Amino acid sequence: MSSAASRKHAVFITCLIILWYSTNIGVLLLNKFLLSNYGFAFPIFLTMCHMSACAVLSYISIMFLKIVPVQRIKSRSQFLRIATLSIVFCGSVVGGNISLKYLPVSFNQAVGATTPFFTALFAYLMTRKKEAWATYTCLVPVVAGVIIASGGEPSFHLYGFIMCVGATAARAYKSVLQGVLLSNEGEKLNSMNLMLYMAPIAVVVLLPAALVMEPNVADVVVSLAVEHKFMWVLLLLNSTMAYGANLCNFLVTKHTSALTLQVLGNAKGAVAVVISILIFRNPVTFIGIAGYTMTVMGVVAYGESKRRCK
């Protein structure tokens, strides 16, 4: 590769990583702003907006822009497995959005960092997959850090905490379940095609759930739109960012590696925490910061231990 081509590739990767951070952190902060600070207290409806945008933009990206080749569903059983994944995915996103309604982003990210613990747990329970003891040992500070952070969190909310833990567990369960349900080589889908099929199913599931559990959503949304003329812009931007985050996850993995995505993910939590504290001015304590730092260090050590044991 020539020096000019190398520079172009480096610039492309840098721009892609910046875009990855912008979309992943942007959607998180906008979720928090809409749900807690803006009076848009409808996490199920917000998730439905995200899934609607993902459905439409996935179709445009694959069918018209040809970002990836389209992969067709080959059987009814494959469709049912994708539908199961979609429902679990809905639960994880809705739970995460509900938690943001009650918890600061900093604590939400601390709890979310325990995903490797739940992934290892579900992998063992569902597939009997075992890791080296050194790898399991690294999960101790992951869990201990969240326990410490919980004790030092001034804005601790029990229901929000339960929703956040549930969302984190559901996210880990979905990743393990995906490996089990779509293990057949002929039925494996890349993340973009999987989103193409999961998003419309999610909308079908979330629409009646929003109408039943958030019955006044239409009236409040209309009144907010009248009161705040930029609300629709924020909602559209937020929903587009949700798709952008998924697209960037795929592109970063495609043009770098899964390990790069993992490293970026570890750093993303810390960056999101700092930015959220600066924006929302939520109080933090030394104990809370120490607990979160311990969790992140445990996650990094867990990833490194897994890499070395392969």
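A Cβ is built for glycine as well, from the same backbone N, Cα and C atoms used for every other residue.
The shown structure was predicted, so the numbers you read here are calculated from the model rather than taken from an experiment.
Under the heading domain 'Sugar phosphate transporter', TrEMBL lists 13-302.
If you look up TrEMBL, you'll see 12-34 (among others) marked as transmembrane segment.
Beyond the transmembrane segment (40-67), the same-chain residues lying 6 or more positions past its ends with a Cβ under 8 Å from any Cβ of the stretch are 27, 31, 34, 90, 93-94, 97-98, 100-101, 192-193, 195-196, 199-200, 202-203, 206-207, 209-210, 213-214, 217, 220-221, 224, 231, 235-236, 238-240, 242-243, 246-247. Per TrEMBL, transmembrane segment is recorded for 40-67 (among others).
Summarising the annotation, TrEMBL assigns transmembrane segment to 79-100 (among others).
Positions annotated as transmembrane segment by TrEMBL: 106-126 (among others).
Positions annotated as transmembrane segment by TrEMBL: 133-150 (among others). With a cut-off of 8 Å between Cβ atoms, the residues of this chain six or more beyond the transmembrane segment (133-150) that come close are 107, 110-111, 113-114, 116-117, 120, 156, 161, 287-288, 290-299, 301-302, 305-306, 309.
Sequence annotations record features per position, and here TrEMBL assigns transmembrane segment to 156-173 (among others).
Residues annotated as transmembrane segment in TrEMBL: 194-212 (among others).
Sequence-distant contacts of the transmembrane segment (232-252), counting only residues of its own chain at least 6 positions beyond either end whose CB sits under 8 Å from a CB of the stretch, comprise 16-17, 19-20, 23-24, 26-27, 30-31, 33-34, 38, 40, 46, 49-50, 52-54, 57-58, 61, 67-68, 190-192, 195, 225, 260-261, 264. The annotation transmembrane segment is assigned in TrEMBL to 232-252 (among others).
The annotation transmembrane segment is assigned in TrEMBL to 259-280 (among others).
Here TrEMBL flags 286-303 (among others) as transmembrane segment.
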Other parts of the chain folded back onto the transmembrane segment (106-126), taken as Cβ under 8 Å at six or more residues beyond its ends: 28, 96, 99-100, 135-136, 139, 142-143, 145-146, 149-150, 153, 155-156, 161, 164-165, 167-169, 171-173, 175-177, 180, 269, 272-273, 276-277, 282, 284, 288, 291-292, 295-296, 299, 302-303
Spatial neighbours of the transmembrane segment (79-100) far in sequence, C-beta under 8 Å, 6+ residues away: 28, 31-32, 35-36, 43-44, 46-47, 50-51, 73, 108, 111-112, 160-161, 163-164, 166-168, 170-171, 173-174, 177-178, 181-182, 187, 189, 194, 197-199, 201-202, 205-206
Top Cβ-contact partner of the transmembrane segment (259-280) among 12-34, 156-173, 194-212, 286-303 (pairs under 8 Å): 12-34
Residue numbers, six or more beyond the limits of the transmembrane segment (12-34), whose CB comes under 8 Å of its CB atoms: 40, 46, 50, 97, 100, 104-105, 109, 234-235, 237-238, 241-242, 244-245, 247-249, 251-252, 255-256, 264, 268, 271-272, 275-276, 279-280
